[in-house]
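Visitor: First the structure, which I've put down as structure tokens, then a few questions once you've had a look.
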Amino acid sequence: MDPETANQPLITGNAAVNEPPNGGRSTRAYKVAGITLLACVLIAGQVMTAYFLLAQKGEIKSLEEQGNKLKSVMTNGRSAASPSQMRIPANSIAGLYDVSLDKDTSSEEKENPATDCQLKALGLKSTGLPGFRPVCDERGLYQAEQCFKSQCWCVSPNDGQVISGSMRTGRASCTSAVASGKHAALS
């Protein structure tokens, strides 16, 4: 009998009589056994995967709940904090300019601790010129001469407006420019 014939039995009643020509081994039987074993391993793998997924379902649910709690805490935290204006005590600003404040300051000065010049000098308010910080006097007003890099110019002490024609390379003579009071835009 041919071992590859489709009608050949897998196991014969008398093995000695019907012994296959390849030394007693039936290749068809090995093929069927191998395919059966492969199918069993694949099914067992799918069963184990399903089992592990179902076992982790509770953990996944727990993680989702924790994530939702964190989202709500973060959202509530952001909505609770509202932006507020920063107040700077006069004593801390005076320390920056080596100015001693009298203890007999009026209540109006205590309510308005920082001038426009002081806010710009601390970088809390924009000057319009990146990197420039004005120099303030002991009262918090602008010093008449302001300099940035190699350029100097004169300003009005009250509002910091540039006096026209006062821009110089090096020191600017600001006594006459401040007296005339001609303002110009700083560019």
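Glycine is treated like the rest: Cβ placed from N, Cα and C.
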Visitor: To which of the residue ranges 1-24, 97-120 does TrEMBL assign the term region 'Disordered'?
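Guide: Based on what TrEMBL states, region 'Disordered' spans 1-24.
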Visitor: What does TrEMBL give as the disulfide partner of C154, choosing from C40, C174?
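Guide: Looking through C40, C174, the record in TrEMBL gives C174 as the partner of C154.
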Visitor: Looking at TrEMBL, which one of C136, C147 makes a disulfide with C152?
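Guide: Record-based pairing for C152: C147.
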Visitor: Here are the disulfide-bonded residues: C117, C152. Which has the lowest count of other Cβ atoms within 10 Å?
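Guide: Ranked by other Cβ atoms within 10 Å, the disulfide-bonded residues C117, C152 bottom out at C152.
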Visitor: C152 (disulfide bond): which of the disulfide-bonded residues C117, C136, C174 is the nearest Cα neighbour?
Guide: C174
Visitor: For the disulfide-bonded residues C136, C147, C154, C174, which one has its C-beta crowded by the most other C-beta atoms within 10 angstroms?
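Guide: Of the disulfide-bonded residues C136, C147, C154, C174, the highest Cβ count within 10 Å belongs to C154.
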